[in-house]
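A short worksheet on the structure shown next.
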Amino acid sequence: MSENLVYEGIIEEIIFQNDETGFMIANLNTHEDYICIKGVLPFIKSGDRLRVSGKLEIHPIYGEQLTVNYLEHVKPKERDELFKYLSSGVIKGIGEATAQLMMQAFGEEALEVIHENPERLLEIPGIGPKKLEQIILSYKEQYELRDFIMYFQNLNITVHMAMKIYRKFGLEAIEKIETNPYILADEISGIGFRFADQIAQKMGIESKSPFRIASGIQYILNREAGSGNSFLGKKTLCYLTERELGIPGDLVEQMIAELAVKGDVQVEQMSPKIDHMPLDHDENGDGFTDLAVYLPTLFYAEQQVALKLVKLMMMNNQPPQTFVDEFIEAYQEERGILLGQNQKLAVTRVLESGVFVITGGPGTGKTTIINAVISAFEILDKKVLLAAPTGRAAKRMTEATQRESKTIHRLLEFQGDMEFQRNDQNPLEADVIIIDEISMVDILLMYRLLDAIKDGSHLILVGDSDQLPSVGPGSVLKEILASGMIPSVCLDEIYRQSETSLIAENAHKINRGQAPILNKKDKDFFFISRTKADQILKEIEMLVTDRLPNYYGFSAMEDIQILAPMKGTGVGVDALNTMLQSVLNPKASEKGEKKVGFKLFRKGDKVMQIKNNYNIDWTNRFGEEGKGVFNGDIGFITMIDEVYREMTVVFDQEKEVVYDYASLDELTLAYAVTVHKSQGSEFKVVIMPVSYGPPMLMSRNILYTAITRARELVVLVGDKKYLNQMIHQTHEERRLSNLKGRIAHFKNVWEELSKQKYN
Ligand SMILES: Nc1ncnc2c1ncn2[C@@H]1O[C@H](COP(=O)(O)OP(=O)(O)OP(=O)(O)O)[C@@H](O)[C@H]1O
């Protein structure tokens, strides 16, 4: 191993620099020699004097290079050097003439003056208050920000992340973090509690410190929100925090009370009617338990969603019944169809309701009703807007209605960082808003949507309540339906007639607990019996690499999606991805690769974004730019760049996104994905292994969601015993939220108030 070498010199030439990552290659003039240095060297400029240490390595093309592991700025030594430095333009606002005057006025103390008494610069002719401000700012950037980043580098925080911290807190960040490193977890997306905890340990923060406990509680509530829960019972919260932090429970309980007083959590009596974790039951086991603890954002969102739904429901203008009857007649004639009983009811009631929910499985006519409703409102001269939670769902809606449909984020003019241009101050200019795939909308997005809808508008929510719930917290669609307060129609008759398709029919059968029709000649629903994991894997490999592309013409990469109920196990997503990557995109010398933990990415791989990133930039081939890649978006790796430490992914064949290596944890291989992650997407072909797994994941809900993702073909590979198990396992994931209760509460309050008004 080569030893650490130290050099001092002036940066003569910058060969390469990436501002985002801080990575740089430069020539250092040591007066005796030129050394090529490289590494993460943020904010270095030509003319800087540095002391660097690192190891010498031989690059096959560029020869000797020093990989820097430590860097220190050294003040320019000689008068000449100082003048050269000041006049180089490194500090904005100081050019050659000003540098000359500064040297005359302050001599070798010139830099100290900028640093310690910058107002003395006003003595120099040509420097007024405005220029002084510019000089101070640029100097800060040159020196302080550089030291700031070095400070974070020592804590293993990347330049990218350090800049995020700087943008949030400014230079005071260091002081703040030294007082309470957990603010990083609270305030900076991308830094979780565990990482902040490691930093805290490095800094010697005590395990029972109040910051640690407070941050731990917020962490648990956030983690639970990530699994769908809007709140936690206090006992469960105490237990989980105690276990995570390894501290006594009474300290946690005390901190919950303190946080509640400060408004950092919201606490309310838990209703006996809502779901509980086992721990939340009281000793008598009668189900009436202690307190529900919410993160304030979730509490507020739940309250506001309930309130706004009730408001919209209570305020609306009804069209005359004659219009509705005549419209239905005309629509049926125009389309050459006879609407079913429930379909007619849906159209009629949508027109007279402020909020209306249309649910139904595949092929039950949801899109047909959306189209009818749009026509009716347009005849009534109402402005209609359409949206769906994902890009794919919005695209499908556009195709089905021949009208523009946007993602909800776009509709609300998303600005990044959970900021939306459309809100109660600047509501959507529409009389009617129709949202498809509502089962995917979580409570936070629902709140943002409702916030931007004017009182008196019509809101129509369309979806399939048998799909899995949203990835984010809450169970919006199910709770709205369960409240029994918001008008809705469930379409239950299948209209999709097809000689060859069994997908919709089987989906409905499965939903009723009946066995699906399998393996009929010339149909689109197959089951291949294999019992052992390696046989299932082999069969899937053959289908993807040979039979489906060669005999049916499906593209293995674009058309076929493998869905699996779980990640682990012999036929889980991880095992499938390893196998499929090796056969569909094998290693080759010209393909770049990047390993992140256990994950290996290779140029050409199919990948999926696994969390919402509202701030990441994309560009497309038309030069358009935008922000945001969302949980479940699928794309392909087109470039892995070791020098820039970046990976480029193209989503939807057009949106190009560049990922810094530091954010590769937002991606995963996607030859196979979990059924949960596939929600809201559709694929031509779905293949699913059906094998042993935990009962929670071997459920009807998962099977139903998986097969309803397929447009043209479903192939299940596995053991019939487990297929039957899935059809009969109706246990659903339990989510802690109380939208239902709040809707009922606000409706009662509204009715009471209305009565008082008229008495
Ligand atoms: N009353 C009806 N009479 C005849 N055909 C109908 C009727 N309602 C719907 N259809 C037809 O049934 C098919 C499925 O309807 P539609 O696409 O509206 O259902 P969907 O619930 O939106 O389905 P999916 O959710 O699977 O997209 C379409 O071809 C549609 O034209």
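Here the Cβ of each residue, glycine as well, is placed from N, Cα and C on the backbone.
Quick caveat, the model's predicted, so the values are computed rather than measured.
Record features (TrEMBL):
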type	residues	note
DOMAIN	84-105	domain 'Helix-hairpin-helix DNA-binding motif class 1'
DOMAIN	119-138	domain 'Helix-hairpin-helix DNA-binding motif class 1'
DOMAIN	183-202	domain 'Helix-hairpin-helix DNA-binding motif class 1'
DOMAIN	352-499	domain 'AAA+ ATPase'
BINDING	GLY363, THR364, GLY365, LYS366, THR367	ATP binding site
Under 8 Å by Cβ from LYS366 (ATP binding site), same chain, sequence gap 6 or more:
ILE358, THR359, GLY360, ASP436, VAL462, GLY463, ASP464, LEU491
Which secondary structure state does DSSP assign to THR367 (ATP binding site), in the simple three-class scheme?
helix
Who are the chain neighbours of the domain 'Helix-hairpin-helix DNA-binding motif class 1' (84-105) in space, where the CB to CB distance is under 8 Å and they lie at least 6 residues beyond its ends?
45-49, 76, 111, 113-114, 121, 123-127, 131-132, 134-135, 137-139, 142
Counts by DSSP class (helix H/G/I, strand E/B, coil) across the domain 'Helix-hairpin-helix DNA-binding motif class 1' (84-105):
14 helix, 0 strand, 8 coil
Average the per-residue pLDDT over the domain 'AAA+ ATPase' (352-499) and send me the rounded value.
90
By Cβ count within 10 Å, point out the most packed of the binding-site residues listed: THR364, THR367.
THR364
Write out how many residues of the domain 'Helix-hairpin-helix DNA-binding motif class 1' (119-138) are helix, how many strand and how many coil, based on DSSP.
15 helix, 0 strand, 5 coil
Within 10 Å of the Cβ of GLY365 (ATP binding site), how many other Cβ atoms are there?
22
Summary of DSSP states over the domain 'AAA+ ATPase' (352-499), given as helix, strand and coil counts:
50 helix, 33 strand, 65 coil
Counting by DSSP, what is the helix, strand and coil composition of the domain 'Helix-hairpin-helix DNA-binding motif class 1' (183-202)?
15 helix, 0 strand, 5 coil
Are there any residues in the same chain, six or more apart in sequence, whose C-beta is under 8 angstroms from the C-beta of GLY363 (ATP binding site), and if so which?
ILE494, TYR495, ARG496, ALA504
